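Residues annotated as domain 'Aminoacyl-transfer RNA synthetases class-II family profile' in TrEMBL: A:31-363. Residues or ranges marked as L-histidine binding site in TrEMBL: A:D100, A:L101, A:T102, A:R127, A:Q143, A:D147, A:R296, A:Y300, A:Y301.
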Number of protein chains: 2
Amino acid sequence: IAKEVAKLLEMKAQLGGDEGKHKFVLKTPKGTRDYSPKQMAIRERVFNAIITCFKRHGAEVIDTPVFELKETLTGKYGEDSKLIYDLKDQGGELLSLRYDLTVPFARYLAMNKITNIKRYHIAKVYRRDNPAMTRGRYREFYQCDFDIAGQFDPMIPDAECLKIVHEILSDLQLGDFLIKVNDRRILDGMFAVCSVPDSKFRTICSSVDKLDKMPWEEVRSEMVGEKGLSPEAADCIAEYVQLHGGLDLIERLLQDPKLSQNKLAKEGLGDMKLLFEYLTLFGITGKISFDLSLARGLDYYTGVIFEAVLLQQENDHVEESVSVGSGAGGGRYDGLVGMFDPKGRKVPCVGVSIGIERIFSILEQRVEASEEKIRTTETQVLVASAQKKLLEERLKLISELWDAGIKAEVLYKKNPKLLNQLQYCEETGIPLVAIVGEQELKDGVVKLRVVATREEVNVRRENLVEEIRMRTSQP
Amino acid sequence: IAKEVAKLLEMKAQLGGDEGKHKFVLKTPKGTRDYSPKQMAIRERVFNAIITCFKRHGAEVIDTPVFELKETLTGKYGEDSKLIYDLKDQGGELLSLRYDLTVPFARYLAMNKITNIKRYHIAKVYRRDNPAMTRGRYREFYQCDFDIAGQFDPMIPDAECLKIVHEILSDLQLGDFLIKVNDRRILDGMFAVCSVPDSKFRTICSSVDKLDKMPWEEVRSEMVGEKGLSPEAADCIAEYVQLHGGLDLIERLLQDPKLSQNKLAKEGLGDMKLLFEYLTLFGITGKISFDLSLARGLDYYTGVIFEAVLLQQENDHVEESVSVGSGAGGGRYDGLVGMFDPKGRKVPCVGVSIGIERIFSILEQRVEASEEKIRTTETQVLVASAQKKLLEERLKLISELWDAGIKAEVLYKKNPKLLNQLQYCEETGIPLVAIVGEQELKDGVVKLRVVATREEVNVRRENLVEEIRMRTSQP
């Protein structure tokens with residue numbers, strides 16, 4: 001009996017083994033996705049708009065590795081550090097995937113002793129967060145960062161960052177938006193005058209940051225319950241964080257009996273006033289709101305902070321609408337580079353990060369709703385034949401076209417039917433067909449067919465390239 | 001005494017702790033690098049040439065995540081699997097960084113049930129190899145892949161892949177090159193007729209693959225010593241792997257008394273002949289060599305394989321020359337997609353991967369040697385002032401220019417000296433300066449200065465945008 005059982009168990013194990021072979025999961029990792037050619041077409045449109053803007057403002061471009069030494073990322077992100085992806089220790093250095101592009105940028109500046117640069121960087125970053133993919137929240141996602149590093153006169157680079165957010169969100173026609181602005185010094189001043197203990201500044205700041213997702217009562221109970229803040233301090237904070245406005249509010253707070261006594265808050269308010277003056281010159285204050293509830297989660301900000309909120313449009317159909325949120329954010333971080341410099345030398349920085357994934361979600365949905373046909377190739381002409389045995393002639397002709405820089409395709413069939421070749425053009429949006437046949441070859445011409453109108457003309461072979469160029473040139 | 005020792009130890013620990021705080025290593029992970037703005041300018045040139053070629057051949061573009069489920073990569077790379085980067089198990093799925101773009105592509109096809117696509121994909125891949133950075137061998141590096149998937153008539157897509165390699169290496173003017181071609185079926189046929197046991201085909205193939213880096217004697221001793229091949233089989237292989245040539249060699253081998261008896265080899269040689277016919281139509285056989293020593297390391301190839309070798313130019317100075325090697329490679333892999341399909345349905349594929357890093361190394365060195373000045377921004381005009389207290393006027397003007405789509409910069413200083421502003425233009429290659437002053441403001445003009453010639457003209461403010469566009473338009 002024991003022998004029989006052993007035999008059966010062995011057989012079962014074999015079956016299990018075979019089963020296992022074919023039972024893999026066919027998916028991308030949690031919180032990630034592939035981009036199809038159609039999605040890529042939309043993505044490239046968005047990138048083009050953003051890169052054009054960054055270049056318009058004179059930025060250079062850099063790139064850094066997708067992973068950094070683990071210690072490079074340590075101590076930079078506060079409570080968010082738990083979301084960092086670590087690599088397995090396979091011998092050698094301990095590595096982590098980058099969490100944003102700002103810390104690698106600061107590391108780059110310190111490592112190369114750069115004290116002055118205006119650069120952009122577009123790349124993927126990684127966060128082990130709870131994904132909400134329909135709302136554009138992924139674990140692997142793009143950031144498009146523009147930063148200005150260097151010792152300059154106050155608020156000029158900061159104002160340019162806000163101008164950039166304004167330009168990009170306007171260019172992309174994402175509907176109405178609002179850019180909330182605050183300053184870490186005003187927040188810290190507020191915490192101080194509300195008697196928040198120094199040691200609790202950063203953690204209470206993290207709580208304030210949740211105000212865009214939670215009602216005040218929940219945030220308050222986190223402050224008082226979990227983080228041990230006194231109810232009086234919380235109530236004092238409540239007074240301030242409901243305030244938002246423009247220059248008028250800044251003036252009022254500069255007169256505020258408590259805040260105006262605090263050195264940090266006064267500095268922050270003074271600079272906020274200057275910032276609003278520059279934004280007025282740029283003509284963009286209509287979409288800017290000084291908002292004391294804006295805190296931003298990350299530890300490294302030291303001055304101005306901002307975040308752009310995409311507003312739902314009234315005339316959107318409910319079933320089409322996506323839940324929208326922050327489309328861009330950033331701020332000043334004057335201490336980060338110094339954390340990497342062996343001598344602690346500081347390089348003041350201010351920058352903005354465009355949150356591409358939310359923007360994609362919106363544009364993708366819009367394209368789908370509009371039934372707009374997006375071409376995923378740029379092919380100008382299909383090289384075809386109506387008769388059999390002309391593969392060699394098709395290959396000879398397409399080779400000539402490629403060498404002349406024409407974007408051309410051919411079906412990979414020895415003897416394709418003309419109908420199939422024309423259908424391929426219809427499906428993929430190829431505007432022209434160059435048809436070779438016995439007669440055309442004899443006459444030294446190619447029959448050029450316009451797919452949309454079915455018009456056909458014979459073009460002398462030596463004029464074909466020029467003719468295709470002319471007929472497919474973008475106006 | 002014990003107390004004193006404890007105290008001292010504690011002090012020492014504290015010192016150690018403090019020391020540790022400041023003693024971090026400021027570097028990128030082993031085998032990786034940052035790209036400076038100058039390097040990025042070269043990188044974008046190369047990408048442009050490659051993308052232009054891929055689009056000329058009608059390719060769509062896709063993207064996939066930087067990591068895959070670990071099991072997706074398992075069993076695809078043979079002996080190279082040990083070079084895969086794994087992520088740390090932080091709960092949830094087991095993940096690995098992609099090792100190439102081919103396996104993710106196959107996973108994408110199977111997952112989306114795509115049986116027919118021509119796509120390119122440009123992205124970074126990761127290999128825990130021994131880096132040799134001066135020779136362009138990195139642990140994080142770009143691959144530029146073009147693949148054709150689908151059931152087509154033989155060798156037409158394969159020939160197009162070789163045409164693409166030829167076009168790209170010619171366009172980039174990297175000097176002379178040679179594209180070696182072989183076929184896994186010919187190799188397997190050769191192994192069979194040399195009496196290599198079936199079970200040793202793949203591992204002996206890996207040894208043959210090392211022939212471009214090692215002399216035959218070393219490869220032979222690996223085959224016989226490490227891998228237990230009979231000396232007779234090794235000597236038989238030696239006969240074949242020294243052969244290379246064109247159509248003539250193919251014809252000769254089709255008559256080879258041993259090879260012609262092997263079904264696989266015969267198939268491979270027949271297709272190789274067809275391939276050479278198509279390559280003749282494309283006019284590129286001059287740089288193609290049918291080479292029986294070409295094996296390619298990866299497990300998944302099933303048919304044609306190829307590799308482009310960049311040849312050192314004679315007239316290069318030795319001290320400037322970089323050790324060059326493979327610039328592109330690829331082949332046919334008809335079984336890979338089937339490994340991911342639950343029912344094992346196959347999708348035949350052939351593709352090419354351009355090895356960008358070696359190409360960068362060569363171009364970077366060439367730029368350095370030529371002292372060519374590379375601009376890293378596209379700024380058309382600097383908005384400047386000669387007098388003090390004109391920051392507001394500069395900001396107003398630059399805002400107008402940005403809104404009109406002009407690439408413009410301004411120094412972030414309240415009162416910069418004109419000399420410093422002009423110097424900034426010289427350093428960064430900005431061709432124009434728009435100067436505002438009291439008098440110009442009164443007259444409704446802006447003084448436009450051409451940096452190169454020092455020529456200055458007054459331009460009416462309403463004509464400024466048009467004037468800048470005209471003077472900076474690329475011919």
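Using N, Cα and C of the backbone, Cβ positions are placed for all residues, glycine too.
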If you run the three-state DSSP split on A:D100 (L-histidine binding site), which class comes out?
coil
Just to be sure I understand the packing, how many Cβ atoms besides its own are within 10 Å of the Cβ of A:Q143 (L-histidine binding site)?
18
Which of the three DSSP states, helix, strand or coil, fits A:Y301 (L-histidine binding site)?
coil
Taking DSSP three-state, what's A:R296 (L-histidine binding site) in: helix, strand or coil?
coil
Reported mean pLDDT - the domain 'Aminoacyl-transfer RNA synthetases class-II family profile' (A:31-363):
92
Determine, from DSSP, whether A:Q143 (L-histidine binding site) sits in helix, strand or coil.
strand
Determine the C-alpha span of the L-histidine site listed in the record, that is the greatest distance between any two of A:D100, A:L101, A:T102, A:R127, A:Q143, A:D147, A:R296, A:Y300, A:Y301, in Å to the nearest whole number.
21
Close in space, distant in sequence - A:T102 (L-histidine binding site), Cβ under 8 Å, 6 or more apart:
A:D145, A:D147, A:L298, A:Y300, A:Y333, A:L336, A:G351, A:S353
Starting from the Cβ of A:Y301 (L-histidine binding site), draw a 10 Å sphere and report how many other Cβ atoms land inside it.
25
Excluding near sequence neighbours, so keeping only residues 6 or more apart in the same chain, what lies with its CB under 8 A of A:D100 (L-histidine binding site)?
A:Y77, A:V125, A:Q143, A:D145, A:L298, A:S353
